[in-house]
């Protein structure tokens, strides 16, 4: 498709959102409403024009796309007026695709069909059949041909019984659009310039008005308040989950799975309830995620078990590793093959070598740990001196006893052993036992104090 201009109407304030942000910057699945629409026109349209109004500077800063032509609508005088603001930027020999910034679930395939229809007829609109059409403009037909669109407030009782409604989304040959916009007026209940009035102009002019009917009523659903926003979030998430399952992902309950980003996965992966995927996440084959896990911007390999209640962010986990339960893997961590990060372990900006175990109740920060290392319960890498972070290096085969503190910067040698309860402040040599303890004293005649 060539010479297609998208006009996205995004000037509304969205008062019912009760928010300091304009409506089009409300988020659905970690993307703005406007961002969702922009993703659908990408690759479909040659130029994108966004008509902005309320908090326009905020909208432009958030979207931050130099390829967009931003057009200001200084007065909110209706959809027809909004589209007219963009027309000086659009060539006559093009197709204008008109979209709305608060209708985020529209599909690229639907828009492609609509554009194709308009290329044939000159003007094509998107309609939908609704059980409850309240609030929408009714499509008036005669002998199956569209004759007019009548807004809810201007409709007769007979017209209000019509279930086919206008979505407001249309594709029009730009020369025709300019011609018809010059003919509409504000003689209606709202005193506004309705974009839909161009349909009556086209009919009067003998112009064929073609249409396609959306197969999915949710893709044309608009958002006016936080309740509707939450409803669309659930629709968006269940649609994603359904698509993932069709591609082979096993979800224990698709209603309790959320993906807010880009998710790719291998074969035979299983995800239990209350999982949240954020950012860009990759799973290999045969990876299992237990309930209540959050995974963000991470690459996770094959045959990995992520047990319940783990938080994993910006890290790489190699094949065969086990994580959790109740583990937190913080950014810039690399966990190598068959390593184990157990319950109540926090790892930050560290490399955990292959076959290394950090099984419970430990903090590992700014560390490089070799292979076949055992980190016992309660081990802390003391990486922060109050100003700077320092590194801990632990060689292959080392054994760190329970309740030990490794005060960085420090190096623990290969096959070194750190005795339980030690505070280590100096390098521990290879193949030696290092420990720091006060001598144990037992007081033979000591008695516990009694209550007075």
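Going from the start of the chain as shown, residues are counted 1 onward.
Placed from the backbone N, Cα and C atoms, the Cβ positions cover glycine too.
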Binding-site annotation, Swiss-Prot, acetyl-CoA: partner of 377, 383, 384, 402, 437 in 416, 420, 427, 428: 420
Spatial neighbours, same chain, of residue 102 (Mg(2+) binding site) - Cβ under 8 Å, 6+ residues apart: 12, 14, 23, 24, 33, 222, 223, 224
Candidate with the highest Cβ count within 10 Å, taken from the binding-site residues 9, 377: 9
Tally of residues which DSSP labels helix, strand or coil - the region 'Linker' (227-247): 20 helix, 0 strand, 1 coil
Integer Cα-Cα distance in angstrom, residue 377 (acetyl-CoA binding site) to residue 78 (UDP-N-acetyl-alpha-D-glucosamine binding site): 66
Fewest other Cβ within 10 angstroms of its own Cβ, chosen from the recorded positions 330, 360, 437: 437
Largest CA-to-CA spread of acetyl-CoA binders 377, 383, 384, 402, 420, 437, angstrom: 23
Between residue 151 (UDP-N-acetyl-alpha-D-glucosamine binding site) and residue 383 (acetyl-CoA binding site), the C-alpha gap once rounded to whole angstrom: 66
